[in-house]
Amino acid sequence: MRLLIFSSWPFGHAGRSLSAGSMAALRASKQALRKELKRRLAALSAAEKQRQSLLLSGMLFKHPKYISSQRIAVFLSMDDEVRTEEILKDMFKEGKSCFIPRYQQNNSHMDMLKLSSLQDLETLPLTSWNIRQPAEDCTSREEALSSGGLDLMLMPGLGFDVSGGRLGRGKGFYDTYLRRCSEHPKGRPYTIALAFKEQLCQNIPVDSNDVFIDEVLYEHQ
């Protein structure tokens, strides 16, 4: 049985044109849903987050898209996100190319920069969000779209639905980056969201700026 968070947000799919009043209502609905999801995530114990994270890592390692992908972008987890440490370890063990985000905190720009090893990760500075990322003035790392593009992108977020709707934190980092990916000769990578089961919603409110994801990986029976 899948655990769904039922929501009655009265909005349709991305690409639909909305009036100014509808856009304001959509923004309010997103904020209300973010608040509810943050409450649910805050109620999860560290042990439960670790249990689900390990389960999802194991599911991912058996996924055909993960097995066949060589160039993979993976997020570094905040406290309320699925832990990706085991995924990083497996990627390096399997000889995959690993790319991690570098966020610009004053706008929606994000790059995916190559990480060479787990030891390399430990050298990176911490941001105000308490996650590691390459320094803003670092120009020596390969950016995924400057070379071979990406085969697979593992997505964070606050909430998801089974139709590919995703609710982020309102910064637009991943939506903007995926549009950039579409302009690369390789095209957009396959996208898999990693979600705690408490993050599943019946319907995520979306607008024309929101990019749908291909698949949500979560615990279900």
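A Cβ is built for glycine as well, from the same backbone N, Cα and C atoms used for every other residue.
Feature annotations, reproduced from TrEMBL:
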BINDING   Lys30, Gln31, Ala32, Leu33, Arg34, Arg166, Leu167, Gly168, Arg169, Gly170, Lys171, Gly172, Phe173, Tyr174  ATP binding site
BINDING   Leu76, Glu81  substrate binding site
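Between the CA atoms of Phe173 (ATP binding site) and Leu76 (substrate binding site) there is a gap of 14 Å.
Residue density at Arg34 (ATP binding site): 16 other Cβ atoms are found within 10 A of its Cβ, drawing on all protein chains shown. With respect to their backbone Cα atoms, Lys30 (ATP binding site) and Leu76 (substrate binding site) stand 24 Å from each other. Its Cβ placed at the centre, Leu167 (ATP binding site) has 22 other Cβ atoms within 10 Å. Between the alpha carbons (Cα) of Glu81 (substrate binding site) and Arg169 (ATP binding site) lies a span of roughly 12 Å.
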